[in-house]
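**Q** Structure incoming, see below.
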Amino acid sequence: MFFSIPNGTLTVCRDAAGIAGNIFAFGLFISPIPTFKRIIRNQSTENFSGLPYIYALLNCLICTWYGTPLVSHDNVPVMTVNSIGAVFQITYIVTFIVYADKEKKMRMLGMLLTVFGLLAIIVAGSLQIADRATRWIFVGFLSCASLISMFASPLFIINLVIRTRSVEFMPFYLSLSTFLMSTSFLLYGIFNFDAFIYVPNGIGTILGILQLALYFRYQKKSMEESSEPLMVSQA
């Protein structure tokens with residue numbers, strides 16, 4: 001039985017899964033680099049959208065707050081991976097703003113300020129909750145909802161792949177990184193008995209499997225190599 005595993009073994013398994021999750025997350029964080037090389041090379045954001053990076057930043061910031069000792073117990077891997085992710089997303093957003101046209105630039109700046117404003121409200125509001133367990137549940141639900149929305153964001157790409165029978169906009173390494181990271185944190189959440197971690201990452205694992213299955217099904221029908229990241233605008 002799972003619950004008969006000694007605590008020491010559970011701790012080792014949890015820490016190993018957390019470290020693996022941090023490593024695989026790095027692959028996810030660097031996946032937009034080809035897009036930004038293209039943006040810098042062309043001195044334009046073209047039809048790419050900055051929204052996915054805004055959503056990813058908000059998710060990383062909320063999950064970083066959830067992982068701090070002020071909110072949850074012994075969730076350092078969650079705090080570290082999301083704080084690193086936040087740095088990457090801020091870098092991408094700043095680069096996007098630099099090369100965006102005036103309209104996009106102002107919109108992105110407004111959304112960036114909104115993200116930091118929301119984080120300030122969440123942090124200040126949760127600190128007003130004196131009961132530690134209630135605070136954990138409050139921030140936990142927010143982080144869970146944020147993670148689920150982030151993992152659900154590739155659904156339009158999955159729909160595009162099925163409709164076009166092409167994996168041009170769904171790179172293999174991005175899908176693989178998503179699957180590996182989600183699976184690692186799924187196990188981490190299970191070993192740490194934390195539903196706010198294993199539920200959203202379980203959904204992420206399922207979606208990662210679906211992306212990989214679609215990739216192997218349609219890769220031969222794609223007319224060119226997949227060189228764009230998952231986070232591409234529909235408009």
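Even glycines carry a Cβ here, placed using N, Cα and C.
Found this in TrEMBL, in case it helps:
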- 16-36: transmembrane segment (TRANSMEM)
- 48-67: transmembrane segment (TRANSMEM)
- 79-99: transmembrane segment (TRANSMEM)
- 111-130: transmembrane segment (TRANSMEM)
- 136-160: transmembrane segment (TRANSMEM)
- 172-191: transmembrane segment (TRANSMEM)
- 197-216: transmembrane segment (TRANSMEM)
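What's the neighbourhood like for each of these?
**A** Taking Cβ pairs closer than 8 Å, the transmembrane segment (48-67) reaches residues 32, 35, 39, 75-80, 82-83, 85-86, 89-90, 92-93, 96-97, 100, 104, 107-108, 111-112, 115, 118-119, 122-123, 126, 139-140, 142-143, 146-147, 149-150, 153, 196, 230-235 in its own chain, all 6 or more past its ends.
Within its own chain, the transmembrane segment (79-99) has Cβ neighbours under 8 Å at 21-22, 25-26, 28-30, 32, 36, 39-40, 43-45, 48, 50, 53-54, 56-57, 59-61, 63-64, 66-68, 105, 108-109, 112, counting only residues six or more beyond its boundaries.
Sequence-remote contacts of a segment are chain residues at least 6 beyond its ends whose Cβ falls under 8 Å from one of its Cβ atoms, and for the transmembrane segment (197-216) they are 75, 78, 144, 147-148, 151-152, 154-155, 157-158, 161-162, 167, 170, 172, 175-176, 178-183, 185-190.
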**Q** Mind checking which residues of the chain, 6+ beyond the ends of the transmembrane segment (172-191), have their Cβ under 8 Å from one of its Cβ atoms?
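**A** Those are 10-11, 13-14, 17-18, 20-21, 24-25, 27-28, 31, 77-78, 151, 154, 197-199, 201-202, 204-205, 207-209, 211-212, 215, 219, 226, 229-230, in sequence order.
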**Q** Same chain only, please: residues at least 6 beyond the ends of the transmembrane segment (136-160) with a C-beta under 8 Å from a C-beta of the stretch. Say none if there are none.
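**A** Sequence-remote neighbours of the transmembrane segment (136-160) are 52, 55-56, 58-59, 62-63, 65-66, 71-73, 122, 126, 129, 169-170, 178, 182, 194-196, 199-201, 203-204, 207, 210-211, 214, 230-232, 234.
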**Q** By Cβ distance under 8 Å, which residues at least 6 away from the ends of the transmembrane segment (16-36) in the same chain are close to it?
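**A** Result: 48, 53, 76-78, 80-81, 84-85, 88, 92, 95-96, 171, 173-174, 176-178, 180-181, 184-185, 187-188, 191, 227-232.
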